[in-house]
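Asker: This structure is in structure tokens; I'll ask about it shortly.
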Amino acid sequence: MTSWAIGGSRKEKGGHESLFVKLKRLALSTDRGPKNTFITPAAMGVLSLPADTIKHIVSYLTVLDRFRLKMAGNHFLASLISTVPRPSFQTCLAQLAPLTSKCWHLNTGPEKALHVACEEGYDALVHKLLHSSPCLISLACLEKCLIAAIVCRQESVVRILLVRLPTDPYSEFLDKLRLRRFWYMTKTTVVETLLKEAAVRNCEWAIPLLLEHGARPSSRRGLQALSAAASYGHEEVVTMLSKRILWSRGSKLSDILTKAAQGGHEKTVKVLLDRGAEMPHDPSFPGAKHLAAKEGHENIFKLLVLKDPEDYFVNPRIHLDEGGNIYSSSAQLRSTQEDLRWCALHFAIYGRNYTIVKFLLEHDMVPPFHAQHRATALPLASKRGCTDIVKLLLETGFDVFAQLQGRSAVQLAARYGYAEIIALLLDAGAAVGSCDLLNAACSGSAAAVSLLLDKGADIQEKAYISEETALHVAVHHHHAEVVRVLLKSGAKTEVMNRYGYTPLAFAIGHSQEECINLLVEYGADIELVSLNWTGRRESALCCAIEYNKAHLIPLLLQYRANIEAKGYEGKRPFHRAAMQGNVAALEALLTSGANKNARDALQQTALHHASLEGATDAILALLRWGLDIHARDKHGQTPLHKAPLSPYTDSSTAYNLLVSHGADPEAKDNGGKSAASYLADRREAYYDRLTRGQ
């Protein structure tokens, strides 16, 4: 007989498909009506085989594959399969053992077999398993099986299992011990859990069955099921469940209505309104109207307004600082934590829904009380970038000086770079604030920056606390075009922030080559980019080395940066690179002509500095370039003397490296101590600390 991959779906080496795939394609390709109107060539090939041959081949299929083929709907094959002798029950279990459940990770044989049978809709096998294994008839097991059957939409299996759910107290007690739950697992709780699964998957056929077996739509789990159905817009499920709620229906359906309105399910909203869903005015949470306005569901919003035209202010439960920091003055910072209170107008603005905003304003549906909350609509529209809404609010008479959490409309529009909105606000009488230019520079909008400068913004204005100018901010946020606009308008390049950094230091630290070119072109001092915490001057080269930006060194040297500039204690850029252990910077400086043998004010070479910092990679590079390993500084110390003095790293690594390259451990400094004695003192101090720690 031909070799077949019995029961599988893989292909044989010769490329022939498995028998099961061909047979199933045959069954699926044949109409279930009275006439077979279409049969594929593969189906014709299988049907052309003798009946005895097909019957013999089918006998090799697993019991589950036979069931799948039989359920596919081909009458000829179904009749043929019925004549094949059935395997024993133990054989069936053995064939199902390698399979895995789609819904659960199970290990026990009978439980796994029951799950697979439920997922496949194999009613006869489900009956047999439940009859032969009484341990399967437990609430915990049957709950999983019912969920699997609902997920796979096996209605007949659901009917079988619901009838077998135990109701005696002893089974409930055993299930509680088995699952270690703190609440009793009863048939009602299981059925109500299934109700949620059916509601989520829109299994309309399962809802009446579960209600018939004790599910209560008004219970906590029942309302969760109803809420899930409303969230997904399953109208029929909502209809069936909502009409079974008899007591306090209106209040119980209020949260369900909010879910449906937020999801934009108009038909579901109509059903809930017809059922009497209430719309309570709870100031702690947004209501159905608010969420419909936020999501832009105009038809739903109008339906809800007809039900309850009165609006009210609520806590929006929305975090507004999603766009990053906003530069503010000291007085404004004290007002940024005020509570938000929004009405439907604010939610519509937040969702950028112009039509709903216009509807609310035309019908005067904004709450007249709490004018301070009402006024925040304009700065909110500025923050959201809604030019058309801002124009509409200004025409309606909203206060152009209103603030949202201590920030003006102009300030918010500048932070997000909405130049057109800034122009509208300024034309309406708003004034340019102290931090507006900083915010516009942060946004990266050259148009907004130019507009504010034209309206008289102070180009040298500094931020509160950080003392950064607009030029600092633009460089920090990588906005080269804004940097160009500011420099053309006369921004100073040498001004420093609170921590002593110029804009050029920011450009180097952020690898902004275009900004470096612009700043140097407009006269930035390349030999003074920062003052460190001691007040000492730092050059651009030292700054690039400090920030590990070796690729910028050739660019800075093109602008005539002094490669031998002396800093604190006479340290040159080459010394600084050795201290950092920055081999790339050392190579760039050496290639550009740096003096590798240069000494600082203490007569230390770059090798001394690398040894003191324990920078082994830099030590190897310097030795490779021929630096004197026996060079002595002002105190008569060689690089080997410095290695044990490193306060940051394991001194023995650098020490052993230098010794392996010929350094003399017995060489003495001006104090008469050798490098070996320094290392011994270091180790003795280390062991003393360990002893004291014990």
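Any Cβ shown, glycine's included, is placed from N, Cα and C.
Just so you know, TrEMBL annotations are computer predictions that nobody has curated.
According to TrEMBL:
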- 43-92: domain 'F-box' (DOMAIN)
- 373-405: repeat 'ANK' (REPEAT)
- 405-437: repeat 'ANK' (REPEAT)
- 466-498: repeat 'ANK' (REPEAT)
- 499-531: repeat 'ANK' (REPEAT)
- 569-601: repeat 'ANK' (REPEAT)
- 602-634: repeat 'ANK' (REPEAT)
- 635-670: repeat 'ANK' (REPEAT)
Asker: By Cβ distance under 8 Å, which residues at least 6 away from the ends of the repeat 'ANK' (635-670) in the same chain are close to it?
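Answerer: Sequence-distant neighbours of the repeat 'ANK' (635-670): 602, 605, 607-616, 619-620, 623, 629, 676, 678-679, 681-682.
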Asker: Residues sitting near the repeat 'ANK' (405-437): Cβ under 8 Å, six or more positions beyond its termini, same chain?
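Answerer: Cβ under 8 Å, 6 or more out: 320, 323, 326-329, 332-338, 340, 378-379, 381-383, 385, 387, 390-391, 394, 443-445, 447-449, 451-453, 455-459, 461, 463-464, 470.
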Asker: Would you kindly list the residues that approach the repeat 'ANK' (466-498) from elsewhere in its chain, counting only those six or more residues past its ends and only Cβ-Cβ distances under 8 Å?
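Answerer: Tertiary neighbours of the repeat 'ANK' (466-498) are 327, 437-438, 440-442, 444-446, 449-450, 453, 459-460, 504, 506-507, 510, 512, 514-515, 518-519, 521-525, 528, 530-531.
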Asker: Return the average pLDDT for the repeat 'ANK' (635-670) as a whole number.
Answerer: 88
Asker: By DSSP, what is the split of the repeat 'ANK' (569-601) into helix, strand and coil residues?
Answerer: 19 helix, 0 strand, 14 coil
Asker: For the repeat 'ANK' (602-634), could you work out the same-chain residues 6 or more beyond its ends whose Cβ comes under 8 Å from its Cβ atoms?
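Answerer: For the repeat 'ANK' (602-634), the far contacts come to 569-571, 574-575, 577-583, 586-587, 590, 596, 640, 642-643, 645-646, 648-651, 653-654, 657-658, 661-664, 667, 669.
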